[in-house]
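Novice: Below is a structure I'd like to ask you about.
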C-alpha cells in the first residue's frame, strides 16, 4: 500500500503534468492562428471574425504582445466572471445547469470534508490498531476506519457521521432540484415564441386505405381538437437522400482539396486512382473526376428529392401537428388520443435542431422488441465485453502477427519493437474498445428508437454510468472481470455482498486517489488543451480551406458531450460518498477535481463548445437519481463494512438510512420531476393570453409553416444543417454585442466585433476584463 | 407422506362436507322465511317483495311444495344461464369481470392439465428412481418430477413443457386482457350520461388569503379552461357530522328494540341502566331515555350541519369540478394544471357512491409520509406478526388465566375445560388475527389516503396477496415464520434461494392438495350457505324489525369482497403454475375449485351480493400482474429444482423464460393498461357530439348540481347512504322487469314481481326456468 509520501509524489507528478497542459494552453490560445480552435463559440455566434485579416503578416499567426504572456492564467477569472443569467443567454440553459453539477459537488463535499476532518480523522488517528497488528499499513490507513479496533464504541461516530452526510446531501439535492426546476420553468416562460411550444409530435398514425397520412392527420385533429388545431407537417423518409447529400459533401471536400493543390502548383494537374482507397485502378484527372461525380450526385439528389416528395410511400406515419395556442399543444401532448393506446401517440415535439429524424416511423410492437434486444445486448456488453477483447489480445501477440503476416517477421523481431508490441498491444485492444464504448452505447440508444438527440444522449449516459459502476468501481474493488463478479455475487448471500465489497473499500483508497488525479485532474487539463481539434483544424486549414466559410466548417467546436461527461462526474460523486465515512482523506482530491473541472468547463462552454440542442435541463432528474443511487450504495457498503468490524448492533440504524433515502427520492420525484416532463396548463394559458394581447395579428401559421422540415429539404445542399442551426439562432433574442469585445489577451480584434463594441456595455463587460 | 388412498379419503371427506353444505343450502334457500337472505339482490333492485304477505300462514315460513325439494340443485344451471351482457346490466361490469377470473383459471389450467397428463405423467411414471431409493414415498410422488433420476435426459420434457405452459398462459392472458379492455371501453361508451363522466376531482387547492376555496376554484378554472368549465361542488369536512348521524342511528335501533319489546308485552315498560354497557348505574325507562337521547342528537346534528355549511374552515381544499363536455373533463383529468405539481392535482372523479369522503384533504407532503409509514408497517406486519401472537399465546395458558382471574380457577380446573383451553386457545389467537387481517389492511389503505372505495380495495388486495404469498405459500414450503424465512434468505446466495424452495416443492404437493380441498372446495360451499347472514338476519328480524323498511335494512347482502376474494384466487393460480411442471397431479383439484367457485360466485352475484360501486373493471391490471408474478415465480422455482437434479445445463434455457415473461408483461402494460387509467379524447369527443345532436337542450348544470354532495347532507337522516345508492340506481337504465320472475323453486311469488312479470320476456327468462 502506498504511503503518504507516495501519494504526495503521485500528486506532484500529476499536478506537474496538469500544469504543463495549462501552460501549453495558455501559450497556444493567445496565438491568433489558433483563435478558431480556442474561441469557436464566438465565431459561430458571429461575434468574432477571423483575426487573419488585420495587422502585420507575422502577427496574424504569432502573438507578439509579450505582456499577454505574463497574464497567461487570466482565462480562469475571466471564465468565472460571466454571470449565470448571461451564461444562459450565451450558451443555453443545458450548459449552465451542466456546470451546476460541478458546483453541486463542491456544495456537497466541502462541508462534508470539513466535518470529516474535524471529527472523524481525530477519532481514527488516535487508535493504534494498525500499529499493534502485523499488517503492512500506510499513513493513509491510519486516518481511515481501518485504524479502529473491532467492536469499538468509536464506530458510533461513523454512524452519526453517515446520518449527517446523508442529511446534508439530501438537503443540498432537494435545494438544487428546486432551484433547477424553477430555472427551467422560468427559462421556458421567458423564451420568445418558438415552434416547439406550439407543436406536438404524433407517431404511429394508423394506416388508412382511403386517405393519405396527411389527410388522415388533418381530419383526426380537426375532429378531436376542433378549436385548437392549426396545421401540420408530414415527415418524409429521407434516409437515402441524406445519405446522398453526405456522399456529395465528401466528394466536394476532395474536389476542394485537389483544386487547392492545383492552385498552389499550377504546373501539374492532380491525378488520382479510381480503385480501392485510391491505391489501385486507372489514373484520372482528379478535378475532372470529382466534378463529374458531383454533377452525377447532384442529379441523383434532385431525382431522389422529387421522388420522396411525390411518392406517398415515402411519407412516414408520423407528423408534427401545430396548434393555435400553447394550451392546445399542452393538452394534446399530455392526453391519450384514441382508444388504442399504441396509435396516435402524442408527445411534445423536440426543438427542430434536436429532432433525430431516422427513428420517426418505428411501430409500437417493434419498439418493445427493440427495447428487449438492447437490454439483453447491454447486459452482455457489460458483463462479457472482456471475452472478445481477450480473444483479440490472444491473437495480437508476436506469434499471431507473424502467422498472419509473415513478411513483417524481420521487422517485428527487432528487440525494441518486439517489446513494444508485447507491452502495449494487449492494452491497446482494451483502450480502443473503451474509446468506442460511448459510440457503441449511442448506437444502442439509436436502435432503441428515441426521437431526439437529447433523449439519445440521456439514455447513453445512463448506460455508460452503469458500465462504469460495474466495471470501474466494482471492478477495481473486487478485481476481476464483471462476469467473474456476477458469478461471485450469485453465489453470495444477500448480506454477504455488501460485506465482501465493503471490506475491500478501505484498501482501495490509494488506488482511487491516483485514479482521480490521472483521470480527473490531468484529464481536465487535457480537455482544455484541445489537442485533437487543434491538430485537425490546422490540417484542414492547410489542405482544404479556401474561403472564410470553409474555415468556419474546419472548426470543430465539439459539444459538452453529456453522454460521456456526466457519467464521469457521477463516478466522482460515488467515490466521494462511499469514502466520506471510510477514508475521508480522499475527499480533498475530489474537491480539487470539482473546482478545477468547474473552471475548465465554464471556460470551454463560454468559448468553445457549440450548443447542439436545448432541452432546458431535461437531464436533471437523471443526475439527481444517480446521486441518490450513489448515496444508497455508500450506505449499504458502510453497513457491510461495519458488520465485519463486529459493530453489527448498528445494522438496524444503518438499514433505516437507505429506506429514508429512497423515500426522499420518491418524494422529490413526485414534487419536482413533473416540472421536467409535464407542461402546466396555467403557464401555457398565461403565455397565450399575454401574447394575444401583445401581438393580436401575428400570423402563427406562417411562422410554423417550415419549422419542422427535414434538414435535407431546407437548403438542398450540404450546409442545410448549419443553416437550420443559424435559422434557430435568428429567432433567439439579439445578443448584447459587447460580450468579449475586450481582446487584450488575444489581440487583433476582428472588424465586426470591434465596430459593434462601442458603446461598451457594463454588465457584459465584466467577465473578460482582466 | 400421504398415499393416493389418503388423498382419496381426504377428498371424500371434503366432498361430503361440501355436499352437506350444498344440501343445507338447497333446503334453506327455498324456505320463504329465508328469501331475503338468499335473494337480497332482487329486493334491492325492487324486483321482489317480501313473500310473507301472501298465502297461508305456514307457507309464509316453510316451503310446503315438496316437488321443489327434488330439484334442489336447480340453482346451478340457473346461475349459468344468464348471458354475460345481461349479467353486466344486472350486477355491473366489475362483477362480470370478476367472474371471468375463475373462467381464466379454467382456460389456463384445463389445457395445461390435459397436456401434462398425456405427456409428463407417463414420462414421470415410467421411472423407478423412488423404488430403488430407500426413501418413503407415495403414489403421488411416482407421478411427480421426484421420480426422475438425477441428470436424466427426461428433464428435457419438463423444460419443453415449461415453455409450452408459459406460452399458453401468456397467450390466454393477452387475449383476456384484450377482451376485458374492449369490454371496459364498450361499457364506458355505452353508458348513459353519468355525473362522473363530466367531473374531475381537484385536490390540494392552495390556500389564498383573499378568496374562499369555492371562489378560488371557480376563478382558476374559468381562466384556465374557459371554454369548458361548467360548475363545481366544494367538499365539506363532515366527519363529525357523520359520526353524530351514525350515533343517532344506533340509538334509534335501541329505541326500536325497546318499543317492540313493549308492544309485545304491554304490562311492563322496559327499563335499562345508564352506566357502562347497561350493567350498572341508575335504572330508567328505556323508551323515554332513548327518545330523549335521539331528540338531543337530532338537535346537535342540525346545529353541526349548519355550522359545517356556514363555517368556511370546514370547507376542504378540494372540489369536484364539472365541465360542459366529456372532452373538457378528459383534458383536465390528464393534464397538469399549475406550475407546482403538488397543487391543483386533478384526477377523474370516482362514481358518487365510490367516493371515500374522509381522505379528501390530505396535503401532498403528508401523503408521501403516510405512504412511508404504511410501507414500513406492512413490512413489520408481514414478517413479525407472529411475535404479538406468540406473546398472547404465552399469556393465554392455564397458569396465565389463573393468575389474572383467580376466581375462575375452580372452573378451569375441570378436566374437559382445561383440555379445551390448552388445545384451542393458542390457535384461536392466530385465527382471530387472520380474521381481522383484511380489516387491518383496509385500515392501512385508508390511512394511506386513497379517495375511492375501489382504490382502497385494490390496494388491500395487493397487500393481502403479498401476505399470503409469504406466509401461506412460502411459509408452508419452508416451514417457519416469515421472519425466520427472511433471516434464512438473507444468509442464502441468490442462486441458493430458488434451490432451497424448489427442492421442497414436490414434497409439499399433498399438503397443498388438502389445502385446496379444505379452503377452496369446502370454503366455496360455505360461502353459498351464508350461515352468518342467515343467523344475523333472523336475530334482527326477531329483535328489531317493525316495518318493511326495517326488514330491508336487516338484510346483509354483502359484496364480492375483492380485497379478500381475489388474493385467494391468485393463490390458486400460483399453486397451479408452480405445480404444473412439478406435480401435475395437483391440477385437477385446482380445476375443480375454479369450476365450482365459478358456479357458486355466479349464483351469489346474481342473487345475493349488492354492488357497492362500479369501477368498470379497473382492477384487471392488478389481476394480470399477479398471474405474471406467479408465472415468473414458478419459472424460478423450476430452475432451482432442476439445478438440484443435476440438470443445470438447462439453466440458460430456463433463464430466458422469466426474461421473456417480464418483457411480455411490459408489452401488455404498454398496450392495454392505458385503457384502464387514461381516457381517450376521441371517445369523449364522439360521445359529446352524439349527445349534442340527440339532446341539444339538455340542462347539464342541473343534472350535475347535486351529484357530488356528501351523503349526510342528502337525506339528513340515517338512510342517507342507501338513498345515495338508490339515487344512482334511478339514473341507471330501467331494467327489464321480467328477470327471475319464475319462482318455481321459491314459491309464493311476491305481488310486485308477479304483477310485472307479464308479458314474460324471452331472453331474460332463460336463466331461471328449470
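Every residue gets a Cβ built from N, Cα and C, even glycine.
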Novice: Quick test of your reading of TrEMBL: among A:344-363, A:444-463, A:464-483, A:484-503, where does it put transmembrane segment?
Specialist: A:464-483
Novice: In TrEMBL, which of A:136-154, A:155-173, A:174-192 is labelled transmembrane segment?
Specialist: A:155-173
Novice: Give the range, chosen from A:101-125, A:201-225, A:226-250, that TrEMBL lists as transmembrane segment.
Specialist: A:101-125
Novice: With TrEMBL as the source, identify the stretch among A:272-296, A:297-321, A:372-396 annotated transmembrane segment.
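Specialist: Checked against TrEMBL: transmembrane segment maps to A:372-396.
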Novice: Tell me which range among A:416-443, A:528-555 TrEMBL lists as transmembrane segment.
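Specialist: It is A:416-443 that TrEMBL annotates as transmembrane segment.
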Novice: Can you say which of A:155-173, A:372-396, A:571-601 has the most Cβ pairs under 8 Å with the transmembrane segment (A:101-125)?
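Specialist: So the stretch in question is A:571-601.
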Novice: Same chain, outside the transmembrane segment (A:155-173) by at least 6, Cβ under 8 Å from its Cβ: which residues?
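Specialist: Same-chain contacts beyond the ends: 104, 107-108, 111-112, 115-116, 119-120, 123, 145, 148, 577, 580-581, 624, 627-628, 631, 635, 638, 642, 645, 647, 650, 653-654, 657, 660-661, 664, 668.
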